[in-house]
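Lifted from TrEMBL, the feature list:
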BINDING   A:17, A:18, A:19, A:20, A:21, A:22  NADP(+) binding site
DOMAIN    A:17-151  domain 'Aspartate/homoserine dehydrogenase NAD-binding'
BINDING   A:100, A:124  NADPH binding site
DOMAIN    A:159-362  domain 'Homoserine dehydrogenase catalytic'
BINDING   A:216  L-homoserine binding site
ACT_SITE  A:231  active site, proton donor
């Protein structure tokens, strides 16, 4: 039988792969479990879509060997209801860590929460999907007392969601949120339209970013703007706007109309250079005003508007001066007045994303520990 | 008798005065108490050095009328041991809010904590005083389980301390912390040595800042650098450096040697113009390199060095580009690599300072609620 004063952790998601959050998180969890005497953090379940390792009597899995054991495990995978049932019957408090970007798992959150299972996750899907799923999630936490934290769903480990919630919970009013919310877009525009120098051709910068691993395997998944739209949806909803979905507001796609029908990412990358003049025009137009172009997201609470797309910025503007693949998020509020509260730094990467997940874990432990 | 499921709040500190944290906090507490059904937040004690209002049976004070009642109260003030004893015998969990900058109260924290009384405060004194007081405070929390949070002691409501703790608690290593930690110094140097334009004379900028309320009543209390040194002491200790005191490392004072013996702030302000050429030389020297001068604090973990004083920055550096009285704090860590995690925004003012206190209150409620 499991010891009494423990908190059980279940992890769903790929545990391997360069830059992956899974492996980084497991390492951070291990370090935390070693450091904290109480409550004891024990792993009871770790699984991917094809492999699973769990203890039917909730006895702790060995965190040092669990990845090897998972690789050779012959245990039958559980469907989502099966996982909910297994975790719901645990003899201790449970935290389910969803390190996937899976839509089906996200849609199952209300069932986990209704059974008192706490959730932490970098998965954007649950909070940027349909508005009814959003409401179901918070209703379930309200009814069961289970907690859900998702700091890493926006800006990875940067304290974006916790800061926004602190502002609101302490009684401030958000007037505007503005920023660069994608490491990929940041990297692309910092090279394509740098503050100093001419910058490269658009298609070449996209190619370079893809080769360096800054884009998704298919760069169209970044260039369509949906990733940024999802993050804006989350922040807008927390701020009080009942945004219906990430496609219910204006999102500018950087995929040329003529290339929308490409059947593969490779075909897209091959044809992209033919459309370099479009982006070149945008850059030149900004340069004429002494400005640079950036791909930003904006939430204007006064007119209840959410917008994602290209905008021009003065070269001295913090958004123009961004470096590498950094994110920047500016919170304009009633209390902070004209000068916003700004958070800036790396917004992607396995280690910093896992950091957001682990700091959420520490917050859940305040509740359940 | 007080109801069972409540948390009692005791407030020490001036509740009035423009820009004061006390009045802003009381308003935020009132709003929070109205919004949160459970645990019920009740005020049992509110006091200054000369006036006090408390309920001997711990019945809730009326938050709407407590300031009027305090002004006309004839209750005898309690000494610090008396307050500890009163709060230590409370029938519910207690949070003591120290909104003063008082040294004696700070030195009494271990006694409060030993009796299980939680503390939240913007008061820097306890955490930047002697290293033995620092150790006594954390030992007391460890023994009793009581919590102490002090977000507003650095950067007011900006999430500086919580972010630093999150970085460390999730296993990151701090390599360097650098920034502008004083709203006064920020305002002074943004006007004295702006990125564009010549800026004013030093003594005139100090005079203007004083008139606008950006300095302490006696500007020497800002110009001696001690306020920044105290904040650096706090951050360095959290990062793992056993800094003995805020005077145990290099702190550059902007009070000219010849004016150290002035008997009053007025005499100092009168004589300051005679020394404008010193600061003018510093500005000119930076300008020759195309830079601007700023008053910054720096913690270098590799060489275990803490430093406070003037430094030159490229005009494109985020520290040079600061506006108004904003603070900026850059955390360089192993995980974040070359591009730091940056927090920027107003680092002073009653409302935003109170926000830090209230967000700490929400954190303590996670523990005791």
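Keep in mind that glycine also has a Cβ here, set from the backbone N, Cα and C atoms.
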Recorded positions near residue A:22 (NADP(+) binding site), in sequence order, restricted to A:100, A:124, A:216, A:231 and a 10 Å Cα cut-off: A:100
Three-state composition of the domain 'Aspartate/homoserine dehydrogenase NAD-binding' (A:17-151), taking helix and strand from DSSP: 61 helix, 23 strand, 51 coil
DSSP-derived structure type at the residue listed as 'active site, proton donor', helix or strand or else coil: helix
Distance [Cα-Cα, Å, rounded] between the residue listed as 'active site, proton donor' and residue A:216 (L-homoserine binding site): 16
Binding-site residues listed as A:20, A:22, least Cβ neighbours within 10 Å: A:20
Rounded inter-Cα distance in Å - residue A:124 (NADPH binding site), residue A:21 (NADP(+) binding site): 14
Nearest-integer angstrom distance between the alpha carbons (Cα) of residue A:20 (NADP(+) binding site) and residue A:216 (L-homoserine binding site): 13
Sparsest-packed of the listed recorded positions (A:124, A:231) - C-beta count within 10 angstroms: A:124
Rounded to the nearest Å - Cα separation of residue A:21 (NADP(+) binding site) and residue A:100 (NADPH binding site): 9
Packing count at residue A:21 (NADP(+) binding site) (other Cβ atoms within 10 Å of its Cβ): 30
Residue with minimal Cβ packing [other Cβ atoms within 10 Å] among the binding-site residues A:100, A:216: A:216
